[in-house]
Amino acid sequence: MLNPSRKRFLIQAHRWIALALAPLFLLILLSGAVLAFKPILHAAGDGAEAATTVAGPAAVAALLERVDPEGRARSVEILADGLVSIADIGVYDPATGERIGTADTGFDLFGTAERLHKDLLAGAGIVVEIATYAMLLIVAAGPFLAWPRLRRTLMGWHLGLGWALLPLALLLPLTGVLMTLHVGMGEMPRIPRATTPLPLATALEQASAETDLSGLWTVRRFRGGTALVMTRGTAGARAYIVSDAGVSALDRSGNWPKTLHEGTWAGAWSGTLNLVGAIGLTGLTLTGFLSWYRRRRQATARSGDADADILVAHASQTGTAARLAEATATALRRGGERVALASLGALNPGELHRYRHVLLLVSTTGEGEVPDPGRGFLARLATTRLDGVRFALLALGDSRYARFCGGGEALLGALVTAGAEPALPMRLVDGAPAVPWRSWLDSLSTTLGIRPGVPPVVDEDRPLTVRLRERTRLDRAGDPGTRAAYRLVLEADGGVDFRPGDLLLVAPGAGEAERCYSIGSSSRVTPGEIRLSVGLVELAEAAGGPRLGAASGLLCRTLAVGESLAARLRRHPAFNPPAHPGRPLIMVAAGCGIAPFTGFLDELEADTGRGPAWLFFGNRRRSCDYLYGGRLEALHAGGVLTRLDTVFSRDQAERRHVSHAMVAAGAELVRWLLEEDALLYVCGRASTLGGSVDQALAQVLAEHAGLDPAASNELLRQWRASGKLRRDLFD
């Protein structure tokens, strides 16, 4: 078994050598696939040729002297019907000397393919040899990098194809290397160089005088001004090199690398095997490249018009700012503007200089903080100058919270400190954003001269009435030190659509701030049934007694089964399950962060085309608060969960958390992320899970992908920007 450092080296070498040489590999492999048809076609024509071929060497030589008196012909082939094809000249009946046609008008498919295969039509044989060595190293390294897994992904096909065709995939480059080293090729006669090429008619006359040329097949120019004469008969194919010095027979019986490489050892069967091998290697090259390219494109994904001069960027925690940013970009495009749309997490601050106008839409989360996607941008902004950049900022918030629009205020201050200039005052939005957003769009037109078209309808929160049907405690009641957690089943109004990861907003009382809870069910699986996982918040009072959190106390204790309450449903597409269920999925949860993933697993269980899924789950004690433990274990045993890693911080002397489990599984985790292109979802407390997961990912990328800290952080930034890494964090 390879140690991690050697495996990292092999992965990097396998990937980058293959990418660098992919165009060259494709030329060699596709020309090889064409050449694989030669033994197939020759086998199909053998019977007819044996019955009809009448052209002997003397007749062919006489024909050449008559139609090619200057001796310029490059090659001659005896066709299956006994006619003689002379390259660049025509097809003749050797008995009458009559010119039958111009079937060979200059383009020789197999000849061109052979020259492309050997020297790229440019005398670059050394380049082909180097590529052959590289191909052999890449194929030989493959089995050491990953075991085959049946996945409906590009990388899954790459692995499956590589293992299924491993013998053939090794055979072709290996025999090519042996041929370059002249291993197993018998004795090659010394070929003297001639001052002028030997005419093919002369070569035939000279060869027929010294050896039996019965079954003459072809004669063509060879190296050093010599000619190569080949015959076929019941004893097999024979080859002779003809020069001024005489005739030398080639020992083809001992040339097993060439026979294997060309697929001539068993006629049509061996040719077909070589064709399959060439197509398989082409498939490996293409799936490897396309898998890398797709990951690369996703890592830098952003939407934008060519030559965009307006940037619309957003920092969104629950999806509202992102939806408004998309609607803003749509409205501006309808008005004829050229727009780029991106998450702040996808941007480096210096990029803002490219745009005539920068429009920012920012939510607030936690205690008046910038949402997760914008925090890295703020950190990078501290070391960037933005003099000359003009921006407009729409800040979303809720005045029922202490730091109203704190995220927008923080971003505004950082931008001004960096030298950027507000093009108009920051607009604060309190609560429902649709009306103030449209007013902000109008102000862009009157103040900045931006021309928005008709704005699209914004998907707003949907009011609901839900009835508590069932409430079950998830932890073991009465265990000291364990936070109480409950599973709630709510019946919603008929016809409402929702996905796991969408949010249910609950206000504990009139005029009080709403709390967001992740939905752990799907209307596609259980219509009308909204399931929540809620941790009961207990706050210490000055008098020493506990005080329950307003919203969690309502849901877990006050609301009686059968009672109803008003709520709102908020779409959160950034944290819904993957659009393509076959894509590999990694879920990381601590405590009640498991909430949305119970719905993810419901959808996976109901989908027969599901892809692989891996769950990391952590809490305090397995015996007390392994939330949904029985169901998770059953899903793992049933194959819905491909892998389940759990860790409980207080079950051993040394505290261990989810991040430790991720580091322990680092090699496989990196393989899923880099090779399988898995999506990674993280749900839990921002103060604990958020930072520790980033640190764990940076560590495993350093240990198993060879990335330095700067490269790891940049890759994580790209993953967050492209949606490969999705986080729903709360405190």
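Every residue number used here counts from 1 along the chain in the order it is shown.
Cβ atoms are placed via backbone N, Cα and C, with glycine included.
Checking the ranges 275-293, 408-426, 579-597 against TrEMBL, the transmembrane segment annotation falls on 275-293. Which of 159-183, 659-683 counts as transmembrane segment depends on TrEMBL, and there it is 159-183.
Averaged across the domain 'Flavodoxin-like' (310-445), pLDDT in this predicted model comes to 88.
Residue counts for the domain 'Flavodoxin-like' (310-445) under DSSP, helix first, then strand, then coil, are 58 helix, 33 strand, 45 coil. Residues in the domain 'FAD-binding FR-type' (461-578) partition by DSSP class (helix H, G, I; strand E, B; coil) as 12 helix, 47 strand, 59 coil. Counting same-chain residues at least six beyond the ends of the transmembrane segment (275-293), those with a Cβ under 8 angstroms from any Cβ of the stretch are 15, 18-19, 22, 25-26, 29-30, 32-33, 36-37, 40, 135, 139, 153-155, 157-158, 161-162, 164-165, 168-169, 171-172, 263, 675, 677.
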